[in-house]
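Engineer: Got these off TrEMBL a minute ago, pasting:
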- B:GLU50: active site, proton acceptor (ACT_SITE)
- B:ASP61: active site, proton acceptor (ACT_SITE)
Amino acid sequence: MTTARPESGHPDAGGHYGRYGGRFSPEALVAALDEVAAEWEKAKGDPAFQAELRELLSSYTGRPSPLTEARNFSRHAGGARILLKREDLNHTGSHKINNVLGQALLTRRMGKTRVIAETGAGQHGVATATACALLGLECVVYMGEEDTRRQALNVARMRMLGAEVVPVTIGSRTLKDAVNEAFRDWVANVEHTHYLLGTVAGPHPFPAMVRDLHYVIGAEAREQVLELTGRLPDAVAACVGGGSNAIGIFAAFIPDSEVRLYGFEAGGDGVETGRHAASITGGSPGVFQGARTYVLQDEYGQTVPSHSISAGLDYPAVGPEHAWLADTGRATYRAVTDADAMEAFRLLCRTEGIIPAIESSHALAGARAVGAELGPDATILVNLSGRGDKDVDTAARYFGLVGDAAAKGDQA
Amino acid sequence: MSTVLHTRLAEARAAGRAALIGYLPAGFPDVESSIRVVEAMVEGGCDVIEVGLPYSDPTMDGPTIQRAADRALAAGTTPREVLRVVEATAATGAAALVMSYWNPIDRYGVHRFAADLAAAGGSGVITPDLLPEEAGDWVAATDAAGLDRIFLVAPSSTDERLRLTTDACRGFVYAASLMGVTGTRAQVADTAEKLVTRTRAATAGSGLPICVGLGISTGAQAAEVAGYADGVIAGAGFCQRVLDAPDLPTALAAVRGFAEELAAGVRSAG
């Protein structure tokens with residue numbers, strides 16, 4: 001199992017990926033950001049830290065996560081061979097735990113006792129509450145009031161794990177506002193608090209550190225695909241909100257120039273309607289929550305509210321490394337509508353007996369399109385970043401499977 | 001290159017007192033009313049006005065200023081209105097600064113914003129989420145337009161960063177009195193005076209004025225801070241009075257009274 005990644009020269013010392021990334025933060029947080037960056041560099045080279053993290057990833061998370069060939073789903077993807085990287089089988093149900101365990105250990109290493117986090121769908125909040133319970137850290141999770149309603153089950157889960165969940169009632173009351181509120185808390189409590197950011201966004205060093213902690217996804221998958229098929233995949237597909245699962249699986253394949261990398265953003269009702277969360281496909285470069293990257297913004301630089309059926313992708317920006325991968329052409333980003341994602345969700349349930357997260361269903365829908373383009377000789381590695389238990393309510397409503405409509409929905 | 005800001009700060013210094021700096025988001029509660037509120041702030045004794053450019057994601061602001069900014073955005077405030085409020089502020093004789101998060105300026109165009117602000121009579125800009133390391137274009141643009149540029153220092157800043165940041169400033173340096181967001185506080189944080197002393201040491205030789213903000217909301221607090229700083233900055237207290245007032249005349253009276261209280265404070269420092 002690999003937790004280290006080779007040096008790529010990116011980001012630079014200031015956290016820049018080409019023109020993107022960097023650090024746009026209040027001066028008050030610079031000392032803390034520098035401390036996190038320095039401690040993370042030390043921890044990466046510390047065999048004892050790495051051994052403890054590896055042990056947790058294997059005995060607690062259940063890594064390595066398996067690779068599952070989706071032979072039936074393949075028929076709905078142009079006949080291409082579809083290989084699923086099963087991050088949904090990790091403890092707490094998604095890839096989020098990889099990053100959380102690393103940063104929670106780092107929190108303890110820095111001598112801090114309190115962790116704050118933001119969450120949208122609740123997956124990162126649940127993972128953070130879990131790691132804090134395990135390591136005896138105080139945990140406060142900020143969650144937009146709108147999302148606490150959409151994801152009530154995960155709110156209860158976090159509280160059961162001992163975390164305090166704070167509904168954010170200002171702004172658009174979704175993920176971006178939870179991030180703002182977490183930054184406000186951090187400035188005031190930075191002496192004993194670590195902000196356990198859940199994606200590859202924010203000011204340096206977060207995008208690089210969170211990528212390092214998810215590198216294990218791609219490193220495992222690359223070996224597993226080689227072992228199973230004897231060659232590299234033709235394409236790798238992942239969903240992109242902030243982009244942590246995508247960077248995690250892309251990173252190991254970036255040097256393999258023959259492997260196509262596809263990031264699938266949340267297209268909502270369609271990018272042309274303006275109701276979407278596709279920052280690269282439908283946004284423009286700007287500065288948001290600590291980094292220069294693609295942002296959904298109006299002509300005056302005000303953030304435009306995002307929309308997606310998936311709370312975990314409902315974010316108006318994207319990690320800066322994705323912005324750079326998009327501009328350099330190394331990765332291709334496309335938008336997937338709510339409707340196409342839900343169709344892929346339904347198909348995976350029915351053909352493979354796997355209920356995917358709605359987030360991950362965007363990658364599945366994207367893989368169907370790529371499979372149709374590349375044809376039956378192609379092998380596509382799909383990051384199944386999370387499981388859909390948390391989405392059963394949303395999906396049941398979407399497909400009309402509740403109450404009297406259940407029988408009708410059964411025909412769907 | 002000298003700006004109105006330099007003149008107002010020098011006058012206060014010559015009078016043996018700290019300058020009074022008041023903050024209000026442009027367009028709060030609407031554009032015309034915000035101009036009237038600024039005039040009341042100046043009548044009450046503000047030497048300098050920070051005209052806020054309202055932003056959708058103000059991570060450095062507490063609930064009071066967030067609410068004020070949201071009202072301004074809902075009223076349709078854009079950079080054009082901000083520049084109008086700057087023009088009206090400059091017409092009062094007070095120095096006019098803009099306080100803005102970075103993305104709206106970045107989006108407007110860094111050089112164009114600096115040029116348009118200078119043309120509107122603005123003296124400079126305070127940028128709470130722009131660090132000197134990322135400010136290459138901004139330094140060039142403000143130099144070209146003859147504008148002051150004000151970065152922040154905080155109690156957590158290392159001595160090395162105090163030097164780096166104050167070297168990049170022109171006009172004054174904004175010393176954040178505490179580790180936290182904007183908003184009124186019952187007491188001046190004990191971190192404020194120490195930060196001013198350390199910043200003073202970092203600026204030895206340049207004489208860059210040091211103005212202190214965050215949490216100052218009474219005349220007594222203003223007097224206390226004026227005892228060691230070159231300027232006292234208040235914002236949330238003004239916004240709160242406008243939010244609480246049932247109508248504009250009440251708001252103007254309350255704002256004028258608050259400015260008078262702070263102005264008396266900066267004149268009573270030992």
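Cβ atoms are placed via backbone N, Cα and C, with glycine included.
Keep in mind it's a predicted model, so treat the numbers as computed, not measured.
Help me see these features in their spatial surroundings.
Structural biologist: According to its DSSP assignment, B:GLU50 (active site, proton acceptor) is in a strand.
When secondary structure is read from DSSP and collapsed to three states, B:ASP61 (active site, proton acceptor) falls in the coil class. The Cβ of B:ASP61 (active site, proton acceptor) lies under 8 Å from the Cβ of B:ALA69, B:VAL181, B:THR182, B:GLY183, each of these being in the same chain and 6 or more residues away along the sequence.
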Engineer: Taking only same-chain residues 6+ apart in sequence, whose CB is under 8 Å from that of B:GLU50 (active site, proton acceptor), what do you get?
Structural biologist: B:ILE21, B:GLY22, B:TYR23, B:LEU24, B:LEU97, B:VAL98, B:MET99, B:ILE126, B:ILE233, B:GLY235
